[in-house]
Amino acid sequence: MIDQIIQLLYSALFFITPLLMTKSTSELFEFNKMLFIYGSTVLVAFFWITKMVINKKIILKKTPLDIPIVIFFLSQLISTVTSLDIHTSFFGYYGRFNGGLLSTTCYVLLYYGLVSNIVNVEKLLKTILASSLLVILWAIPGHFGRDLTCLLFAGKFNNSCWDNTTLAFRPELRAFSTLGQPNWLGAYLASVFFIGIYFMVKNIINVETRHASSLRNQILISIYLFLNFSMILMSRSRSAIGAVVVGLMLFVAYYSYFIKTNFKKILLILLLVTIIPVFLFKTGENKIDKILNFEFSILNSKKKPLIPNSLVSNPSSSVTESFDIRKIVWEGAWKLALKYPLFGTGVETFAYSYGFVRPVAHNLTSEWDYVYNKAHNEYFNYLATAGFVGLGAYLLLIFNFLIFPACRQAGIFNQILKFKFLNIEKSLKNEKFKMKNEESKFERKILTLLLTIAYITILITNFFGFSTTTIQLFFFLIPAFIFSIDPNRLVPNSLVPSRLTNIQKFLIFLLLSSSIYLLFSISVYYLADVNYSYGLKYSKVNDQQKAAGYFEKALKMRQEPVYMDRFSSSLAYLSALANIQKQTELAKQMANLSDTYNRKTIKDYPKNVFYWKTRAKNMYYFYLVTGNENELLQGINALKTARNLYPTDPKIPYSMALYYSTLYDLSKDQLEKDSLMKSSLEEIDKSISLKSNYREAYLFKGQLLKKYGQIEESKKVFKYMLKNFDTKDAEVLKELDK
């Protein structure tokens, strides 16, 4: 019974995780998937340990990856303990969570839970295919302007609910379905594509050995492969397309050399399910698609492509090529590794630490003010956040799987795979059992080969991106699949004793109580985030009254630093508003409470620049409440601390120039005013030097010069803006008219 429950839990894990998303949380996709993985891990662990209690023995299967997993986990643990933000390193970057020590613990538990219990791997693989098919079908309408997620969440059967300022959320250009981003969808489907190939090969062989139902299955799986690769093309994920191409080359080369059985038929199907989609949906690469368009125009010269390729690959001349941005981020990750060589800055702290060494070149990209919580390369990410030790442990884990157990399991260069099924067919009548045994052995070999290739696709897509929840599940559990299909492995069945002892009953009660508590904690975390999400929505429309209420509710459920920071910011704004409304005492109370939360966050996480920026902003509001210039000086000090952390952030000197300008207006001493004027101009020049195309900084510089009576100099700045940014900039033209 317990084994069936564990099988069901793993099936639910692989089926539901890729599909799970809600509109109520602060992050629609990854947050919900991660919480579901937490819950699934708790349940798997409960039934697994209960099975041990009932059997009165430890049920833990040894695998070839035991030592690498221990080394990897220890590296993550040490990196967490020495982290610049232990909370983030343990739970993961807020909203995503995947990659934190807690998530890694879950993946390791799920790995051992699978290999140590009786689990039907083939059923799990069919579940994965079924789930991926739903993911594909969900994305198809969005490609044609009718997104199902918009219909579900916004009640609009179009694509209007997504942010059209970025290609990542334009499903008509780049599909992302229920995974959240195009590259995440592509990476997921690329790995599942090779699971589909396994069933295709299996059905072809079964047809040859006269399994009647296999012909229908062969047709269905071929259709699936066609849809899968078509959706990869619709995602425009170059890393996923490249991973599939590399994987197919490996499979075809190995199969044609070592196996050969039905090779021509398999090759023909693979060519059909990949080449036809390329002609229909293109690749997103200009050089390739120009050739395809030329060839296709011979057949239909009047037909226009559904999506202009120029729009897909380069929607705007102001949008920086994604690979160019990645190279800059990788440079920063390398600098971080040199600065923190052993265990890095701490697991999942890239969002906070990248700014320590961020190249100035990043300021000239279209994503200059984005928060990069990952290095957009899994290997550089481990290098920066877990150091050379962490990266080495990660590579050791990969190496051990690919080189040793995978090769041994797959029997690479083993001539056993050279047998022919057609020869076996001749002796069918007398050797039915032998044939079945050989067929089973063949299927295991093919499955191991294709699972290994699926794993390799993850390594490829991770090089140009990073792991998400679904991909990380595959990263840890594909090896578990391979070790679980070993026919010689011994896993004890769960016993059902006639009577449990009192100690067993007590242990099961403790397990049940602990599991219920953990599941309750996960539910509370979810509800806290729902309130936090509502707070963010009201904060965006500047309804800070309601926002603060929801942030406070979230904080009462869970003492999360991110909640404190947002609550502090809302309270600071409300304190200034209350002061304007002559509610002096209320204003002071709000200001004090805001300051308390802000001080706590910067005390606990002094290297988190976002909390220092919040402090600088809060101090301006506090000044409006108290009228004390010291609040502004504290704001400047907070910005100086922020600059020490993030020396290349152009927004910091911009804000400092604003503060100095405000102090200039308040000062009555001429010498002090001259000093403040000089400081404000120096800071705005620093901002411009860090980002030479910073329109707002140029505009503010012109306004400062005009305020300080340097009219001709201000005109030069405004004319420069018209010449180099926008000749029809209404705001600049208005400044010149004045």
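Each residue, glycine too, has its Cβ placed from N, Cα and C.
Annotation comment: TrEMBL describes 5-22 (among others) as transmembrane segment.
Only residues 6 or more beyond the boundaries of the transmembrane segment (34-53), in the same chain, are considered here, and those with a CB under 8 A from a CB of the stretch are 2-3, 5-6, 9-10, 12-13, 16-17, 20, 59, 92, 96-98, 102-103, 106, 109-110, 113, 116-117, 469, 473, 494, 504, 507-508, 511-512, 515, 518-519, 522, 525-526. The transmembrane segment annotation in TrEMBL covers 34-53 (among others).
Residues or ranges marked as transmembrane segment in TrEMBL: 65-84 (among others). Sequence-distant contacts of the transmembrane segment (65-84) (same chain, at least 6 residues past either end, Cβ-Cβ under 8 Å): 90, 101, 104-105, 108, 111, 343-347, 349, 352-353, 385-387, 389-390, 392-394, 396-397, 399-401, 405, 479, 605, 607-608.
Residues or ranges marked as transmembrane segment by TrEMBL: 90-112 (among others). If you look at the transmembrane segment (90-112), the same-chain residues 6 or more away from its ends with a CB under 8 A from one of its CBs are 10, 13, 26-27, 30-31, 34-35, 37-38, 40-41, 44-45, 60-61, 65, 69, 73, 76-77, 80, 347-348, 350-351, 373-374, 381, 466-469, 472-473, 475-477, 479-480, 560, 562.
Look at TrEMBL and you will find 124-144 (among others) tagged as transmembrane segment.
Remote same-chain partners of the transmembrane segment (185-205), defined as residues 6 or more beyond its termini with a Cβ less than 8 Å from a stretch Cβ, comprise 18, 125-126, 128-129, 132, 135-136, 139, 175-177, 179, 214-215, 217-218, 221-222, 224-225, 228-229, 231-232, 235, 237, 239-241, 243-244, 247, 251, 261-262, 265-266, 269-270, 421, 439, 442-443, 446-447, 450-451, 453-455, 457-458, 461-462, 465, 468, 470-471, 474, 478. Taken from TrEMBL, the feature transmembrane segment covers 185-205 (among others).
The feature transmembrane segment is assigned by TrEMBL to 217-234 (among others).
The annotation domain 'O-antigen ligase-related' is assigned in TrEMBL to 224-394.
Annotation comment: TrEMBL describes 240-259 (among others) as transmembrane segment.
Here TrEMBL flags 266-284 (among others) as transmembrane segment.
What TrEMBL lists as transmembrane segment is 446-464 (among others).
According to TrEMBL, the feature transmembrane segment maps to 470-485 (among others).
According to TrEMBL, the transmembrane segment annotation covers 506-528 (among others).
The annotation repeat 'TPR' is assigned in TrEMBL to 528-561. Model confidence over the repeat 'TPR' (528-561) is summarised by a mean pLDDT of 97.
Between the transmembrane segment (470-485) and the transmembrane segment (5-22), three or more CB pairs separated by 6 or more residues in sequence fall under 8 Å, so the two stretches touch.
240-259 is the stretch from 5-22, 124-144, 217-234, 240-259, 506-528 with the greatest number of Cβ pairs below 8 Å to the transmembrane segment (446-464). Pairs of Cβ atoms less than 8 Å apart link the transmembrane segment (266-284) most often to 217-234, out of 5-22, 124-144, 217-234, 240-259.
Remote same-chain residues near the transmembrane segment (124-144) are listed as 7, 10-11, 14-19, 150, 159, 171-172, 175-179, 185, 188-189, 192, 195-196, 198-199, 224, 227-228, 231, 234, 306, 481 (criterion: CB distance under 8 Å, separation of at least six residues from the stretch ends).
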